[in-house]
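According to Swiss-Prot, the features are:
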type	residues	note
DOMAIN	17-253	domain 'tr-type G'
BINDING	26-33, 158-161, 213-215	GTP binding site
MOD_RES	HIS699	diphthamide
Amino acid sequence: MVNFTVDQMRSLMDKVTNVRNMSVIAHVDHGKSTLTDSLVQRAGIISAAKAGEARFTDTRKDEQERGITIKSTAISLYSEMGDDDVKEIKQKTEGNSFLINLIDSPGHVDFSSEVTAALRVTDGALVVVDCVEGVCVQTETVLRQALGERIKPVVVINKVDRALLELQVTKEDLYQSFARTVESVNVVIATYTDKTIGDNQVYPEQGTVAFGSGLHGWAFTVRQFATRYSKKFGVDRIKMMERLWGDSYFNPKTKKWTNKDKDAAGKPLERAFNMFVLDPIFRLFAAIMNFKKDEIPVLLEKLEINLKREEKELEGKALLKVVMRKFLPAADALLEMIVLHLPSPVTAQAYRAETLYEGPSDDQFCIGIRECDPKAELMVYISKMVPTSDKGRFYAFGRVFSGTVKSGQKVRIQGPNYVPGKKEDLFIKAVQRTVLMMGRTVEPIDDVPAGNILGIVGIDQFLLKSGTLTTNEAAHNMKVMKFSVSPVVQVAVEVKNANDLPKLVEGLKRLSKSDPCVLTYISESGEHIVAGTGELHLEICLQDLQDDHAGVPLKISPPVVTYRETVTNESSMTALSKSQNKHNRIYLKAQPIDEELSLAIEEGKVHPRDDFKARARIMADEYGWDVTDARKIWCFGPDGTGANLVVDQSKAVQYLHEIKDSVVAGFQLATKEGPILGENMRSVRVNILDVTLHADAIHRGGGQVIPTMKRVTYAAFLLAEPAIQEPIFLVEIQCPENAIGGIYSVLNKKRGQVISEEQRPGTPLFTVKAYLPVNESFGFTGELRQATAGQAFPQMVFDHWANMNGNPLDPASKVGEIVLAARKRQGMKENVPGYEEYYDKL
């Protein structure tokens, strides 16, 4: 137990080589918060008695009631290492004290945006995997997010006590199950190898995998056992570590190591991992759980475990917990793994700088980030807002990448749309206070140097969700975070009492600040819309809105799904529209964009800010575009980043460059609200075939061109066999075999399609993966539990957009009904207008 003072923390912060910023990530219910507890307890914040039950990082009331983590919370830990351990660290360090900033993040799919925010400010990740369930869909999603941010993973295989007590497996089975889990983690990592970081895969024999039980508070790495045996037998620890995993066997008769599983006489030998690592653990479990009073003291003496008087009287699980905690304390194994194998900010920022910084990679700011220099110009990235205890205000939560933040310092607050040299999205204000985040409390601190995580008071009014703080006007922003989920479910919110309206508006502002992935806006019909990533996410957001942010009773509409509008063919004829004054004409055709390219644009692989020649090259090589077309992309839409394109295919048009901005603006308007549902368009490419313009500049201004472009886009769109795309969830369901029938019947009823069904080796569980339209997903969990007597647990994550069958213009079809309902809800005319409305004859 360590008692911190802020001054001690501050002196540690200056030795940046000894700081570790890491997040804990995992699938829901694999035990992140419980594991985090055993770490926090070591740093002296909760007492030993409560660990495993306190879930210290679940700070909110609803988190404690539901037993899930919703927001990510930060905590600082302190750790000291022995001299011979410090020697093994492959990066520069000073002294033996380490400061670990740990962020516990949620595992539930709906909150993966919280995880993204946590990952941006950390350099390493502790990936927790349940040893019975293995690598699940969310483990993969989060791991991918981490690797995309160039974050180094280490793995903990948790809930080993379940395997021992519930499934009663043999040692070899357990070893095989560990090996399989490690392999499936490495498969995900291998698909994301990055040459700058080197090999990121995890290996038990190198000490980058720990095994343990968060609930019982014990864990071990192969390295710890190697240390024990190397002292006992006097062999080299590094050699011992390699022997304790994989196919190496020890023959006790000849005292020799072999890699064959039989000795000379053909008798089977026991694997070294089973013999030296698992055997003592299995023996302890067997002796204690079978109440063998005479064996226990002998074992404890051999393992050098000393119990206090009152602890000797315990039995069963209680005794097991105490003994295992003394034998293999979880914090030791995890802290050792974190300190030895995760990078310090100095190491990590050297290779993360170019993925973090938007500007040129050779300017002084990027160099400051790369060197993590506390004396360079200030660069702070704010990744999210954390509500303070008095509800009204927020702490800005983020990380100093270069320079030093001081209380009272004047900073430039740059929002995500800021461009150097312009005044948009920029405020210059003083930082009121800087604080350290410690789970449920905050500690004031004078200044924070580069490489550390902090909270800032007094700038919350100027930032929406995330942004960059700098002191120099030449500095570019840090890159915006890419969220792996998109808000696809929305509800309309009204107040029950009209006088409360201003409070609702204020509450919505606060809500969109506090959650990185919620959208709030006012629709055309004047409703207040809140959009979230799924049912649970929305439920939590609305609860927050009602209780904290607005504090007034609300009326909430049933949830509605957002759609996308697209085309399935090329326009059947060239669309033409004339401007209001009849002097300008635009000729267009629309055609669909391949799904591959749309995804690449949405994931940011093809980016509007890329160099156009480089982008043309990629589009020609990978997506089969014509190079001349690819070079003449005028813009992406909507919002300048969506998956719709304008391509200029016109030849020798006079004054064309003058109306380019107006055409782009018209296209942004058209793609933001399509003609069918008023939703965003997706995967629509518009080719400008010809433009006729008036000779006088005054007759071809924005007021003439913008509405014309919007109309002609609609006309071309409606001529190209329009279709509606709906969002699809990927559902992963874990269940025993007898529940599979129930799952299929519920999925069939909900238009779901099963894509795979497999049994997890060594367990009675099956994993069913299926696609389920978001529209049908409301109440899915409840129905599924009814059909399977509560044995099936679904996990849903947004996967892709899929075209709906049927003609959206025909009110009799299923799609037509959706269109009709949506148009009624938004107060439009009931029938979709024909193309004639937007098409002008010559």
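Placed from the backbone N, Cα and C atoms, the Cβ positions cover glycine too.
Note that the structure is predicted; figures quoted are calculated from it, not measured.
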Given a 10 Å Cβ-Cβ cut-off, pick out the one of the binding-site residues ALA26, VAL160, LEU215 that has the most other Cβ atoms nearby.
ALA26
Look up LEU215 (GTP binding site) in the DSSP assignment and report helix, strand or coil.
coil
HIS699 (diphthamide): which of the binding-site residues ALA26, ASN158, SER213, LEU215 is the nearest Cα neighbour?
ALA26
Averaged over the whole of the domain 'tr-type G' (17-253), what is the pLDDT?
74
If you count Cβ atoms within 10 Å of the Cβ of SER213 (GTP binding site), leaving out that atom itself, what do you get?
29
C-beta crowding around HIS699 (diphthamide), within 10 angstroms:
14
Taking the Cβ of ASN158 (GTP binding site) as the centre, count every other Cβ atom within 10 Å, in any protein chain shown.
26
